[in-house]
């Protein structure tokens, strides 16, 4: 499959969580409106919602991502970085959503600030792709070995976190993890 056939939403406002969800699902399912509705359900009594930016530009937190995936019969499993990515059963994982540090820029000027950014990684047509919405298009990572290297490099940064996107029953039975990994 060519990179032109891989679904890839590009960054708009602070909607990287929505882009990561849609990119990992490989279709436009979630919008700013659906994410805002999830925020309201998560904190119905709050005037200032703690799950998104006060400015209304996005910047959704992990709770919104988890609730959005649950609405599709999926689950997000928080990856324990003490484990090696070799212990992952890739055949049980639909995709990955990573939370990484990101530079802040105004036009071409990069500011000395760091923010958090959500990005998706997913297998399409036998290859894994980095579907970061800040990229011009999907970037082919390669096969399973290259994916494990990519994830290991990402997770070696202290502040990077990773969610596994799996079917709900895979989360329930823990089959996303190799049986010989004793730390379930």
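Every residue number used here counts from 1 along the chain in the order it is shown.
For all residues, glycine too, the Cβ spot is worked out from N, Cα and C.
Annotation comment: TrEMBL describes 16 (among others) as active site.
For residue 117 (active site), the Cβ neighbour count at a 10 Å cut-off comes to 21, with all displayed protein chains included. Look at TrEMBL and you will find 117 (among others) tagged as active site.
Marked as active site by TrEMBL: 132 (among others). Sequence-distant contacts of residue 132 (active site), defined by Cβ-Cβ distance under 8 angstroms and a gap of at least six in the same chain, are 117, 119, 120, 139.
What TrEMBL lists as domain 'Josephin' is 3-180.
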